[in-house]
Amino acid sequence: MKVRFPSQLKRPRHLAALVVHAAVLQATATLQATTPDFYQDVFPFLKANCISCHNKTTTKAGLNMETPELMKKGGDSGPSIVPGKSAESLIVLASQHKEDMEMPPKNNKSGAVDLTPAELEILKAWIDQGAKDSVQQERHVVLTSPSASVDPIYTVAMTRDGRYAACGRSNQIFLYDLAQRKFISKLSDGKAKDASAHRALVQTLDFSPDGTRLASGSFREVNIWKREASAAAVPRHPDAALNITICEATPNGEHLVAVNKSGDVLLLKAADGSVVKKAGNLGSTEVKQIEASREGTLLAIHSGNDMLQVWSLQDGTAKALPVTIAGLQKLAWSQDGKSIITAGADGIMRAWALPADSNSPLVKGKDLKGAAGTITSIIAGPATDQLFVASNDGKVRLWSITEAKVLRELPIPAVQSLDLSSDGKQLACGTSDGAVRIWDLATNKQAAELRGSLPTSRRITELDLAIARQALEQEYQRSQVTKLEAQNKALDELLKKANETIDSVKKSLPEKQKALPPAQEAAAAAKKALDEASAKLTSGTTDGKADAALEKERVAAQEKYDTAVKAETSAQAALSAAEQNIKDAQAEEKRISDTKVRNTQELTAANAAIDVAKKAQDQATADLTAAKASLTKPGAGTVTVRFSRDAQLLATTSSDGTCSVWAISSSALVSQSISQGFAPTNITAQADGTFIASASNGASMKLNQPDSWKLERVLDKGKDGAFFADRVNAVRFSPDGKMLATGSGEPSRSGDINIFDVASGNVLHTWKEHHDDTVLCLDFSPDGKLLASGAADKIARVTEISSRKRVNLFEGHTHHVMGIAFRADGRVLASAGADGIVTTWDMAMGERIKKIQGWTKEVTSLQFIGATSKIVTSSGDNLVRIVNDSGSEVRAMSRLPDFMQSAASTPDGTLIVAGGEDSVLRIWDGASGKELAVFGGNPASTP
C-alpha cells in the first residue's frame, strides 16, 4: 500500500529552500553595493576550509592560499583566481565541484566542509571586484577562564632533588612536596579572580637546575616563578630581665612555661616570647624539672630536695600538697591528665593522682616495677592508662598503669627520648648515637631509621651521579674500543691481502718487463719491413697499376706489423697494469696502515679515558662509601623527638644544638639548622606544620617554616612586539640555569624559538621560523652550548646557540616530534614521536642509532634518567614506560586508566611522576614501580 503525504507537510522544505535562496539574494545585493575585504570577509572561511591543506607548510598541489598574491600565482594547475573573472577561477570551480574538481574533498582529515552558498557569493564578488588584498588586522584574543571540566594534566616537572613536583591543570599550576607526599599550593599571577597562574591552559613546565625557579608556558606568555626561602631559623632569646632558669613548652605549642630566679611561674607566648601572665610564685626553691599537662592548665614541678608539686597555670595556685620522692629523675603526665608518672633512681615508676582538694597531698597509686636500669624517657601511651617507658637496658616497654604490668616490650637500644604519633600507630625513638628509629606498632618492627645531615645527603646524591657519569663514560669508551678493535681486525685482513697482492705482482713484474723489449723490437722490425714493402710497391707501380706481387708482399708486411704492434701493446699494457697494481696496492696498504695508526691512537685514547673514568669512579665510590659510613657512626645524642600533629613529620633536637625535621613517608630530611649557643631541650608541634624548639633558658626557635613561590617575571612582549605568536609549548632552563629557551609558533606556519636571560628577562636570541611548524619540545646539551628542538614539522634539529649554526638535522619521524632529550654525555639524542616511536640519534655521526617501538599511540614525552641509558616516556596508550636507548624495556608502570601526557624522573631514578587526561598526578618508586602517591585535581580529596 502506498502512503500519500498531505501536500502541506512538504511546505516547510520548500520554505527552507526559499529562505536560503532569499538570504543568498540579499547577500548578493549587499555585496554588489560594497567591496568585500579579503581578511575580514574572505579569509575566515578560507582558513576554516582550505588553508589547512594549502599553506606555507602544507602546500598541496603546489598551491598556497594564504594571500591573494599567492592565489594569483597559483599552483600545479595554474592560477587559482583570475581577478575580475570568478567564473573562470579554479578556486570557485573547485568549490562548486565543477570540472572534475571537488574541494574540499569528502572525508578529509582537516574537518573542512563545503562553502555555503553565501560564502560562495562573497568569494565570487571579491574576485569579480579585482581580488584585492587588504590590511590584516592584528588578532586580539580575549581569554576567559577555561571550563572547570577542562582539567587534564598536559605537563609535569620535578626538581632534581625530588623534593618538589608541579603539574598544570587547566590554567592552574599545582605544587607538591614529594618528601611529605602532600599538596602545597596553587600558584597565582594575581590577575585573575580564580587565582590562576595563566589566562589560558598551562602547556609546559620546567624547574631550574637548582630548583629555585619554575617556568610555565601558556598562550602567548611565559611566567617565571621564584621560590623565596623562608627566613633562616634563628633562636629568639627572652628578655634578660626575666632571669629565666628553666622553661618548657606546653603540649599544644602555643605557650612556654618558665620559672625565673625569683620563683615566678611565667606563661609566655611561644611565637614571640612575650609574657602572657604571671601564674604565681614558687618561692626560692630550686626547680629541676617542669612538665605541663596536655591541656596546658597544670604544671608538674620537680623542685629541690626531690619534691613534687602540681601548680595551676590558670590561677597560679598549688593543686595539692607537695610530696617528696627520693631519687626523682623523670616526670610525665598520663594521657587523660589525671595522673603524674614519676621515675626514680630505683627504677620504679609511680603514679600520682590529684587529690580531691588542694590541701591534701598527691595520692600515690601502684608502683610500676620491672624496668631494668635507668629510665630515660616516659610518655603517655595510646590508651588512657598506658605508658611507653624507655630504659638503658635496651628496651622500650608499654605499661598499663591500672594493672601495673608490662603489656609489650620493644627491643630498641639506647633510647633517650620518645614520642607517639597522633594516630597511635608509630613510636619515634631518639637514641644516644644520634639515630632516630621509627617503630611500627602494628607490626612490632622498625619502619625507618633517620640519621644524617643535609650536606651529607647532598654529597651522597652528587657522588651517586658522579659514579653513574663515569660508568656511562666507561660504557661508551668500551664500545669504542670494541668497534676499533673490530675495525683493526678487518684492516689486518685487508692489509694482508694488499701485501699479498704487492708480492704477487712484484714476482710477475720481471717477466713482464722482460717481455716488452722483444715485442718492441719485433714491432720496429715489422714496421721497417712494412715501410720497405710500401716503398717497393710505390716504385713498381706503372700507369697507376700496382704490381700484384708487390701488393701481396705489402699486405703480408702490414699483417705482420699489426700483429707485432698488438703484441707490443699487450706487453706494455701488462707491464703498466702490473706497475699500477703495485702502486694501487701500496696506496691501499698506506691507507690501511694510516687508518690503523689512527685507530691505534684512538684506542690508546679510549683506553686512557676508561682508566681515567675508572679511577674517578673508584674515587667517587670510595667517597660514597665513606659518606654512607659516616651516617652509621655514633653522633650527637638525640635529646627530643616530636611528631607533627598530622604525623607526617618528625622534628628532632640533638645535644650539639642541631634541629632537624624529617618526612615520615619518605624518610627524607626536609630541613635542618644548627645554632651556636642554642641547646634545645623540648619541641612542640604547631597547627601549621611548623615546630618550636625551646631551651631551658627560655630561648626558642621556629623550625620548618615553609618556602613560598612568587611570580618573578612575565615574558610576553618586548619593544618589537609580542614574543610569541601562539601557544608556548616548551620551556627549558639551561644546565647552569642562566638561560631559558622557549618553543612556540603559529600552527602550520612557523616554529619559533626564543632564548632569554633568566636574571633580567632580556631576549638573547630570537630564531624565527626555525622550524616549519610549531615547536613542541626543547633540550639543552649537557654543556649548554647546543639546543635540540622538535616540532610538528616531524623534524628534530640541533643548533649551536652562539651562532645558530645547524649541527644536526634528524629526519625519520612520520608525525610530530613531541619530546626530545640529550643523554648525560651529550653523545646521544633521543626523540619521541606522535608516530608511536622513540628514536635515538648519534650526535657525532649524525645518523640514527635505534628505532624503538612498542607503543600503539603517541609518545608524548621522554627524558633520560640521570647519567644512564634509561629513558622514561609517557604515551597515549596509557603507559609510563622506561626503556634503554638500545631499545629494551626496563619497566612499565601498572596500566593506567587514560592517555598520559607527560612524565619526569629524578636523576637517580628513585622517583617518577606523570600525569595525563584523567587529571591525576601519580608518583612511583622508579626502582620497583610501586605507586607511592596519587594526587587528584581537588587538593581536598587528595589522600
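Just so it is clear, glycine is given a Cβ too, placed from its N, Cα and C backbone atoms.
Automatic, uncurated: that is what TrEMBL annotation is.
TrEMBL tags one of the stretches 204-231, 400-427, 568-595, 848-875 as coiled coil, and that stretch is 568-595. Looking at 69-108, 469-508, the stretch flagged in TrEMBL as coiled coil turns out to be 469-508. Helix, strand and coil counts under DSSP for the repeat 'WD' (368-409) come to 0 helix, 24 strand, 18 coil.
With DSSP states grouped into helix (H, G, I), strand (E, B) and coil, the repeat 'WD' (640-672) comes out at 0 helix, 21 strand, 12 coil. Distant neighbours of the repeat 'WD' (768-809): 56-57, 726-727, 729-736, 739, 741-753, 755, 815-822, 824-826, 829, 831-833, 841, 843, 846, 861; these residues of the same chain sit at least 6 beyond its ends, with a Cβ under 8 Å from one of its Cβ atoms. Between the repeat 'WD' (640-672) and the stretches 368-409, 415-449, 810-851, it is 415-449 that has the most C-beta pairs under 8 angstroms. Here the repeat 'WD' (415-449) is broken down by DSSP into helix, strand and coil counts: 0 helix, 22 strand, 13 coil.
Only sequence-distant pairs (6 or more apart) were considered; of these, at least three Cβ pairs between the repeat 'WD' (415-449) and the repeat 'WD' (368-409) are under 8 A, so the stretches are in contact. Secondary structure of the domain 'Cytochrome c' (34-131) per DSSP (helix as H, G, I; strand as E, B; remaining residues coil): 42 helix, 4 strand, 52 coil. In this model, the repeat 'WD' (768-809) carries an average pLDDT of 97.
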